[in-house]
Every structure is written in structure tokens, then in C-alpha cells.
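Asks: Take this structure, written in C-alpha cells, and hold onto it; I'll ask about it next.
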Amino acid sequence: MLVLGIESSCDETGVALYDTDAGLRAHALYSQIAMHRDYGGVVPELASRDHIRRVIPLLEDVLAEAGVGRADIDAIAYTKGPGLAGALLVGASVANALGFALGKPLVGVHHLEGHLLSPLLEADRPAFPFLALLVSGGHTQLMRVDAVGQYTLLGETLDDAAGEAFDKTAKLLGLGYPGGPAVSRLAEFGNPGAFELPRPMLHSGNFDFSFAGLKTAVLTQVRKLNLDGGEACEQPRADLARAFVDAIVDVLVAKTLRAAREHGLKRIVVAGGVGANRQLRERLNAEGGKRGLRVYYPDLQFCTDNGAMIAFAGAMRLQADPGQVQSGYGYGVTPRWDLEDIRIRQA
């Protein structure tokens, strides 16, 4: 089964072809980072308009790379939510128009399910069940994954997501957009222990997160030391960035390992943009290894939003339950959507 995947939930336009027999056949991605940089963040209207410009050329690129025609597509998967409503509608419109014109079935994919299953694209893929840590700009969640469509939420952020905290801290430190990679790069030059920042909810007794207070603690230090200007501030800024990253990583690692232990899970999947962070990967690998745990990640190119994960997730859902096919053609999207709402009933 050859599945076309279309991703347009935020500021990346992704298109891919996944073959259930041959694996990933082709994928193409266009990032809008340069366009949004001048605004310091994603402008929804601009994002939607750019998706319109990019999606069809990307579709033609992946068809050419795979050496197939539109008629060879067996099914079409698209990101139905969550995300920016206007951006989602672009991908949904293209998918539904193609499906109608070609007479192909469609499946609306949950964006987070795409991230969660993306490590299964790798040759060294985890078996079910596993614990998933989803860390991105909009979400920070711990999920128990028993099968495709079998997800149990164990904990989530009560305020800022980890990626959001990275972006806001980047602004406080006078760094560019996107903030997450900028903070991580600066932290590489920081001295550990130069600043002491809180580890919110580290000992809360549950698996929820909170990062708003950490951002406020960074703001307090920035104002106290006037770290937002001048070359003389470079080392203190790097030290503060290091303290921030250390605090985030400490909380994510501690809660992830405790969740794995309490739920008897030996495999951990880390997905989402923050999952590309070097410190997080190194700490989880080291601490997990001491406890006999295996940690799996998607390839770095698939940590951020992409069409490959949507094509793959759509294919997996159709294989798990052919009844997942969308009834008719339409343009409905779900900007706010809980992952547990897409549960596949077991026979």
C-alpha cells in the first residue's frame, strides 16, 4: 500500500510517500523559519499562505523522486489536527481534492501520533509496549503506548510546553528565532552550576510538568544582571542558558525514568523537536542504560514536523483498522484534539 502524507499544521510544509512493503519512498519538506524570523514567531496567516504556495510543488517532487504517478497512490493521509486552523485547512483541502479526483481513501492523522510513531520509521525500531516522551513547541506529554491507536496519557504540562519554554527563554536572552536551537547552542559554552534554577514539579509525585516558573526564574536573572546587551554579557548569558537547559533536562529525564519504572516499561521513545536536543539524548541514554532501558529516537530530520511521519502514521492506522478511512470528502480539521480521542478499538 502506497500512502501519500501531507503535513501543514504549523510552519513546515511536508509531503512524503510511504510504502507498507518497501518503506519510505520519498519525502520533501519546506520550512518557513526564514519568513517568520523577522516577526520573532509564527504568523498564522503568513504560514497558511505559504503552505498554499509550497504543497503542490512538493507533491510533484516526491512523485518524481519515487518514480510514481498520482494514480499509483493507494491512500492519502493528512494532518487533521492539532495545529493552526488555517494551516491545517490547506493540507486538508489538498488531500481531499486529490482523494476526490483520484477516487482514493483518506485518513486524517493526529499530528502528535505522527511524532509518537516516527521512531518506528527507523531500522532499529521499538516493539510495543513502550513509554513515549513527546516534547515539542506546543506539547510535553508522557504516554503509554500499547499499540497503534492504544495511547494512555500519564502526564502533561500544566502551562508552558518544554519547547515553548525554550523559545521564550531565547527571547529573554536576546537570541534569534527559532529559539530552541539557539538556546541549546549557547548552552554548549556555558559553565555548569554558574546559576541555580528551579526544577519545577520534580518531586510532585505525578508525571505532570510545569515550565512557566522556570521561564520566570530566567527573567529574574536577566533583569538582575542586565544580561540582554553588550559583549561583556556573553559568558553570563551562556551560563544562564546552560542552567536553563540543565533544569529542563533534569525534569524530563527524572519523570520519564520514573514513569518507565512504575509502569514496567523497558523501552522509551522520545519524539518532537526538543527530542533533538543533544543533552537530553545523552542523559536519557546514560541514565536509561544504567537501568536496563532502551531509548529510541527518530532520525534528526524527522524530529521536527514532516510529511514522512504523517504518511507512516496513516499507513499504520489503516493497517490496524481499515475502518479508519474517512467517510466522504470534506474540509473539517480539529485544531484542538486530544491524542486519547483517536483510540482504535481492539477486536
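Here the Cβ of each residue, glycine as well, is placed from N, Cα and C on the backbone.
According to Swiss-Prot, the protein has these features:
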{"type": "BINDING", "residues": "H111, H115, D305", "note": "Fe cation binding site"}
{"type": "BINDING", "residues": "L134, V135, S136, G137, G138, D167, G180, N277", "note": "substrate binding site"}
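Describe the structural surroundings of these features, if you would.
Replies: Here H115 (Fe cation binding site) comes close to L134, S136, A271, G272, M309: these same-chain residues lie at least six apart in sequence, with C-beta atoms under 8 angstroms from its C-beta.
In the three-state DSSP assignment, the secondary structure recorded for D167 (substrate binding site) is helix. Taking Cβ-Cβ distances under 8 Å and a sequence separation of 6 or more, the neighbours of D167 (substrate binding site) in its chain are G41, G137, Y177, P178, G179, G180.
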Asks: If one measures from the C-alpha of G138 (substrate binding site) to the C-alpha of D305 (Fe cation binding site), what distance in angstrom results, rounded to a whole number?
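Replies: Just about 12 Å between their Cα atoms.
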Asks: Out of L134, V135, which has the highest number of nearby Cβ atoms, where nearby means within 10 Å of its Cβ, if these are the binding-site residues?
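Replies: Highest number of other Cβ atoms within 10 Å: V135.
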Asks: Other than H111, H115, D305 themselves, what residues in this chain have Cβ atoms within 8 Å of the centroid of the Fe cation site's Cβ atoms?
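Replies: Here the non-site neighbours turn out to be E7, S9, T79, L112, G114, S136, G272, N306, M309, I310.
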Asks: Give the maximum pairwise CA distance in Å, whole number, for the residues L134, V135, S136, G137, G138, D167, G180, N277 listed as binding substrate.
Replies: 17
Asks: If you draw a 10 Å sphere around the Cβ of H111 (Fe cation binding site), how many other Cβ atoms fall inside it, taking every protein chain shown into account?
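Replies: Taking every protein chain into account, the count is 27.
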Asks: Quick check for the class: what is the C-alpha distance, in angstrom and rounded, between H111 (Fe cation binding site) and N277 (substrate binding site)?
Replies: 20
Asks: Are there any residues in the same chain, six or more apart in sequence, whose C-beta is under 8 angstroms from the C-beta of N277 (substrate binding site), and if so which?
Replies: G180, S184, V245, V249
